[in-house]
């Protein structure tokens, strides 16, 4: 009803401008494109830029060109049934853009994509000689959903704190762009969907890790930020679980080799967040957060903790080489980049200024992608598996000297060991084989 009245109002304004103005072709552009609401108020879901575009102004517009007059006449001659339909479509598009932007910010999409990258890296490392591309996509999608849910719940619980901080007061909830029940519904939906996807397409171990990490982040780490500075170390545990989730999704188990990347994530987060907390300590104090740097006026303890955890990263390259996860080149590359971030942390320890803290923060941003890329590029596959002629069997070719043998006398002669595979819940899909036997289809995913 009110849209029909808007059309009548539009036509009457057009006729009044055409008859009363000195120039018969004179009209007001905003009147032709204004969105009317039942109360005469512009829809608050629109962004300020769109509100400025759709709202009419009292300042007269310049006389349009002849082409514009023709176009206006064409619109004026449209039937009354067509114009409300176009307005509805335009409103739907604007509403979709608005909520899409809110969901993007609630999910902290860039942070969630970093979590997905660590989970995907863990999946590839745990896949052996062949990477199940479909399984990798399912794992990344499920991880993204769970991470989005955890970040959304974090903002729901911290809405009052975020409103006090310059860095976060424009988020969807403090700014009032989305209601709290709506945000809770969004977080619950994507969290449940992500966990269910991991349970169905990966395994229950990966789904359990995802669900436990969501609970740890949203219901333990988030309230702990306002209680005790130990929240930084709890948050480091949260960040270390996604690569372990990816490893478990690919291999179906948790092993020592799968703990190298989680350990790197844990120790890396300490200097990363110490630098951030030092740079934003005034903002954190205004928000009511109990960060480690707030109780350290000189910054000496903050810098010392950051430097100490950088040193903990040094042995990881040697461990990855010694355990057969990566080649010797990764050992060298890991040592170089770890010494670089350690040098930045030591520089901050000696001269505790904002400039040095920002340099250490940027060094931490560079460290993680280089470390993960090197681990993927130089990774070693020490447990190749090939599909035998019998679909219920998997041929495993051991690559270690302690492989299964015929007898104690002939321990140098390797024997092919047949391992009964658990029946798969889904049909095999395309695999990216990187095994030394490219002519054989090599599945890396066995449901357990």
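Easy rule for this one: first residue shown is 1, then count along the chain.
Cβ atoms here come from the backbone N, Cα and C positions, even for glycine.
Keep in mind that TrEMBL annotations are predicted by a computer and have not been checked by a curator.
These numbers come from a predicted model, not from an experiment.
Nonlocal intrachain contacts for the transmembrane segment (178-198), taken as residues 6+ away from its ends with a CB within less than 8 angstroms of a stretch CB, comprise 99, 102-103, 106-107, 138-139, 141-146, 148-150, 152-153, 155-156, 159, 172, 206-207, 210-211, 214, 245, 249. Look at TrEMBL and you will find 178-198 (among others) tagged as transmembrane segment.
Marked as transmembrane segment by TrEMBL: 204-221 (among others). Residues of the same chain lying 6 or more positions beyond the ends of the transmembrane segment (204-221) and with a Cβ under 8 Å from any Cβ of it are 139, 142-143, 146, 149-150, 153-154, 157, 191, 194-196, 198, 231, 234-235, 237-238, 241-242, 244-246, 248-249, 252-254.
Here TrEMBL flags 233-254 (among others) as transmembrane segment.
The transmembrane segment annotation in TrEMBL covers 260-280 (among others).
Summarising the annotation, TrEMBL assigns transmembrane segment to 327-349 (among others). Nonlocal intrachain contacts for the transmembrane segment (327-349), taken as residues 6+ away from its ends with a CB within less than 8 angstroms of a stretch CB, comprise 271, 275, 300, 303-304, 306-307, 310-311, 313-314, 316-318, 320-321, 356-357, 359-360, 363-364, 366-367, 370-371, 374-375, 377-380.
Feature annotation from TrEMBL assigns transmembrane segment to 361-380 (among others).
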